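Novice: For reference, TrEMBL lists these features for the protein:
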{"type": "BINDING", "residues": "Ser55, Tyr124", "note": "Fe-coproporphyrin III binding site"}
{"type": "BINDING", "residues": "His184, Glu267", "note": "Fe(2+) binding site"}
Amino acid sequence: MDFVDFDAVLLLSFGGPEGPEQVRPFLENVTRGRNVPPERLDDVAEHYLHFGGVSPINAINRALVMQLEAALAGRGLDLPVYFGNRNWEPYVEDTVTAMRDNGIRRAAVFTTSAWSGYSSCSQYGEDIARARAAAGPDAPELVKLRPYFDHPRFLQIFADTIGAASGALTAEQQAGARLVFTAHSIPVAADERLGPRLYSRQVAYAASLVAAAAGYTEYDLAWQSRSGPPQVPWLEPDVADHLTALAAAGTKSVIICPIGFVADHIEVVWDLDHELAAQAEAAGLELVRASTPNAHPRFAQLAADLIDELRYGRAPERVAGPDPVAGCLGSVNGAACRPPHCVAREGV
């Protein structure tokens with residue numbers, strides 16, 4: 001890509017409700033066009049209502065905006081950082097329109113997903129294209145930064161939070177603890193959509209690198225938060241089933257690392273900290289969880305690194321390991337990735 005400068009940054013995320021009255025409309029936005037039964041929405045709504053109808057994600061992202069502005073300022077870049085969501089306020093369409101009105105011409109887009117694949121990458125491209133269409137012919141050019149699942153800062157943050165979580169265990173518990181990585185499950189067919197098992201291979205690759213950095217030679221990868229009809233195959237094993245198997249095998253303590261997520265949002269604080277923790281307690285397992293990057297200053301520095309890769313024409317900074325998995329180099333204005341930008345489609 002030959003773009004060398006930006007006059008703004010857009011943090012693009014999923015969105016979440018910030019009050020009980022927003023929960024159901026938010027979930028309807030998320031599931032629009034999927035024919036999800038109303039009773040299923042009622043079930044999921046209870047997860048949010050358990051926390052007062054407030055998802056942590058927007059507050060985390062607002063803090064990340066401040067951290068990113070500081071990280072850029074530390075590199076001599078006085079760039080405004082805007083914030084927009086796919087599924088709730090501030091909607092990305094409104095944010096990009098405001099950017100247009102403020103005279104922004106070209107912005108780097110950092111998404112809160114580290115992975116390739118449709119829902120974790122390409123759908124954000126669709127969000128960008130839709131937002132630019134809403135802003136009209138004077139919409140700023142939006143350059144989506146690359147997936148960062150193998151960036152050294154991303155990997156080291158998780159390695160460090162695993163160490164911190166392990167520190168909450170006794171020495172005896174640490175000696176027998178099993179490290180289990182989790183990421184959001186998706187349908188098997190979706191995992192094949194943009195390349196052979198592209199998303200799941202990237203998650204497995206990143207998990208191997210984080211485990212090595214944290215000093216673990218043995219670990220497991222499980223999947224969480226599946227939904228949809230039970231007859232549709234999704235990535236397995238499910239983390240709840242895997243926890244049952246670990247308990248049956250005599251494991252006494254488990255360290256959960258939600259490597260698939262960059263924030264402690266509802267699918268972390270409910271699915272893991274509430275449901276999985278209750279299951280572990282009932283099974284007599286000691287369970288601790290590693291934190292996600294959230295608004296950590298090093299996560300903001302990671303975003304600044306990706307911006308600098310484009311500003312200075314630098315090669316992507318990646319951690320090399322056995323069986324590396326490719327990822328794209330970003331896209332412009334929501335266009336679909338194509339070789340050479342999407343090396344994942346070149347059979348790698």
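Each Cβ is built from the backbone N, Cα and C atoms, and glycine gets one as well.
Because the structure is a prediction, the values reported are computed rather than measured.
Describe each of these features in terms of where it is and what it packs against.
Specialist: With a cut-off of 8 Å between CB atoms and residues at least 6 apart in sequence, the same chain places Gly16, Pro17, Glu18, Tyr48, His265, Ile266 near Ser55 (Fe-coproporphyrin III binding site), listed in sequence order.
Look at His184 (Fe(2+) binding site): DSSP puts it in a strand. Packing around His184 (Fe(2+) binding site) is summarised by its Cβ count: 22 other Cβ atoms lie within 10 angstroms of its Cβ, all protein chains included.
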Novice: CB neighbours of Tyr124 (Fe-coproporphyrin III binding site) within 10 A?
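Specialist: Taking every protein chain into account, the count is 23.
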Novice: Using Cβ-Cβ distances, find the residues under 8 Å from Glu267 (Fe(2+) binding site) that belong to the same chain and are at least 6 apart in sequence, listing them in sequence order.
Specialist: His184, Gln224, Ser225, Phe261
Novice: Tell me the coarse DSSP state (helix, strand, coil) of Glu267 (Fe(2+) binding site).
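Specialist: Once the DSSP labels are grouped into three classes, Glu267 (Fe(2+) binding site) ends up as helix.
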